[in-house]
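*Asks:* These came from TrEMBL, pasted as-is:
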- Glu433: active site (ACT_SITE)
- Gly209, Pro210, Pro211, Gly212, Thr213, Gly214, Lys215, Thr216: ATP binding site (BINDING)
- His432, His436, Asp509: Zn(2+) binding site (BINDING)
- 201-341: domain 'AAA+ ATPase' (DOMAIN)
Amino acid sequence: MNEVKTPKKPLIYYYVIVLLVLMLFNWLVSPALFSPKIEEVDYGVFLSMAEDKNLSEVQVTDTEIVFADNGQPPKFYKTGRMNDIFLVDRLWDAGITEFGSPIVEQMSPFLSAILSWVIPLVIFIVAGQLLSRYMMKKMGGIGGMGNAMSFGKSNAKVYVPSKEGIRFSDVAGEDEAKELLTEIVDYLHNPQRYAEIGATIPKGALLVGPPGTGKTLLARAVAGEAHVPFFSISGSEFVEMFVGMGAAKVRDLFKQANEKAPCIVFIDEIDTIGKKRDGAGAIGGNDEREQTLNQLLTEMDGFDAKKGVIILAATNRPESLDPALLRPGRFDRRIPVELPDLAGREAILKVHAKKVKISDDVDFSAIAKAAAGASGAELANMVNEAALRAVRSGRKVVTQADLEESVEVVIAGYQKKNKILTDHEKMVVAYHETGHALVAALQTASAPVTKITIIPRTSGALGYTMQVEQNDHNLMTKEELENKIATYTGGRVAEDLIFHSITTGAANDIEQATKLARAMVTRFGMSDDFGMVALETVGNQYLGGDTSLACSPETATEIDKKVIHVVKTQYAKAEALLKSHMKELNALSQYLYSKETITGEEFMGILSQMEQKQDEAGEKKEEKEEP
Ligand code: ADP
Ligand code: MG
Ligand code: ZN
């Protein structure tokens, strides 16, 4: 795709450069061009040339003699005028009868100024104008004669579709979004098919989803697929210094779009201009933004969709958009662009892995599993981080280890190379993390541990236990949630059991556990007393308003009590689990302490080995007791 951008440098730079070129031109080139070269020679040379009658023209002034030889064309010389009383005789002998009038044409200062300054300047100005007009034409007439002149002009970029443009195949996953967008592209290609049936072509579609999920990328892919002009502008570009300019830009954008129809207009991050209007209440408020939004609404109503102008917009925050924008006839289509699932993550990793040299045995699905919850942008970043890491360690290809590391880098912050933990702290952290992992492992319905580390991260975490769901979970049972809470408490439980003192290290765990417990009570209807009543809703982006029960203070107190109860119960459960597995807790913590980072397999290996021994010991005991 060729992206033709508005020239960033105003034309004033062009003129400054032209002026410099002209000055140089006047110093170096112009004398040679406009007046013949005159060689300065000794008086003797003049004398001998006069002797040889090798003179064609001569001009004698008060201070010097300028003369030309007989050559074709004549060469010009000059020499200082000596006190030579025979000068006139010599000239006469050489056949020169006229020596008073100028032989080298001296241009009048006025004429020379015109020739060397004005004419080139005019040429440059005309060239400059032609150039800028040509560029504007190429860009569909949009854009810029420098800042001062571009107020009120939209500086939308136009993507000219071309073969190397971004296509739908560059966007991994997001099949639903692609399908909906394909339909839109089809409207533009076969408008008559829709017109025959009498279907109204949608005017606008809104790409909605969390940041980094590929909304902008999808829009650019549409540009690559549609083979129509594609105007792209970001909402923030409408926000101008002067009141009324945003609205003028909107007007200009739609004027251009109407001229170029069929075409696509893409407004990225539309929430910057499309926020809910405050109404008359706010004095002054954000008048400019409101005007811009109003203009956008007016324009969207005004133009005829049959002409084939389709407006795409993208936003992370659809809930903040003015409802007027979402009315039928405006952005009536919603295209959800969600965070990728397991398969989607794998596909995205593969798309980006094509851009780097990657070892053949890389297991993308393992990486995708570890990167649960990552957005497309984060996954792209992971691949790049892995490539950087490969370069740092002097390798030619990216390996599995690089990718694994970069997952952690992106998710949990860089590994801190310098140790900041004291030995005792390290031991506490080892027990804490083992506590998490062991509680997780000892419960049935909880995600397996894949990695435990006590290497501090720049994110502030001193250790880190990574659990990976086997498959993407859409539904979680009450038991799974409870187990999760128990796992969160496991760290603190271990600290308390071993050191009989507790640390601040569990702050994040406490927060997570509380959040989950609260959600169970208020949102998932998982408490006996409240049942299926929404006591709280998340600001659901795709639903709109809050539908929860308005809680009375008594209910709120009750909720708090319930939440505390849930967490306490799970804490007790975790405590019981660890108390009955003290041997394992000690052994695993010591192992983690010595190795700093262990994999899930190592962890499970040691654990099952110990359990086996225990079983054998138990069996032996039973055998002894039997007789
Ligand atoms: P958004 O506009 O939704 O915030 P972007 O479209 O700007 O996100 O995505 C940022 C980058 O993330 C893209 O340039 C691309 O490299 C990567 N990316 C995101 N989603 C995908 C995807 N589905 N397939 C491939 N790359 C993706
Ligand atoms: Mg974007
Ligand atoms: Zn913890």
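Cβ atoms here come from the backbone N, Cα and C positions, even for glycine.
Automatic, uncurated: that is what TrEMBL annotation is.
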*Asks:* Listed recorded positions: Pro210, Gly212, Thr213, His432, Glu433. Which have a CB under 6 angstroms from an atom of ligand 2?
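*Replies:* Cβ under 6 Å from ligand 2: none.
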*Asks:* If I take the Cα of Pro211 (ATP binding site) as reference, which of the binding-site residues His432, His436, Asp509 has the closest Cα?
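*Replies:* That would be Asp509, nearest by Cα distance.
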*Asks:* Quick check: in three-state DSSP terms, what is His436 (Zn(2+) binding site)?
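*Replies:* SS state of His436 (Zn(2+) binding site) = helix.
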*Asks:* Using DSSP and three states only, what is Lys215 (ATP binding site)?
*Replies:* helix
*Asks:* Validating a neighbour-count step here. Other CB atoms within 10 A of the CB of Thr216 (ATP binding site): how many?
*Replies:* 18
*Asks:* How many whole Å apart are the CA atoms of His432 (Zn(2+) binding site) and Lys215 (ATP binding site)?
*Replies:* 40
*Asks:* Sequence gap of 6 or more, C-beta under 8 Å: which same-chain residues meet both conditions with respect to Gly214 (ATP binding site)?
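*Replies:* Sequence-distant Cβ neighbours: Val171, Glu174, Val337, Gly376, Ala377.
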*Asks:* Compute the centroid of the Cβ atoms of His432, His436, Asp509, then list the same-chain residues not in that set whose Cβ lies within 8 Å of it, in sequence order, for the Zn(2+) site.
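*Replies:* Going along the sequence, the neighbours come out as Glu433, Gly435, Gly463, Thr465, Tyr488, Thr489, Gly490, Gly491, Arg492, Ala494, Gly505, Ala506.
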*Asks:* If the ATP site is taken as the center of the Cβ atoms of Gly209, Pro210, Pro211, Gly212, Thr213, Gly214, Lys215, Thr216, which further residues of that chain fall within 8 Å of it by their Cβ?
*Replies:* Ala314, Asn316, Val337, Ser375, Gly376, Ala377
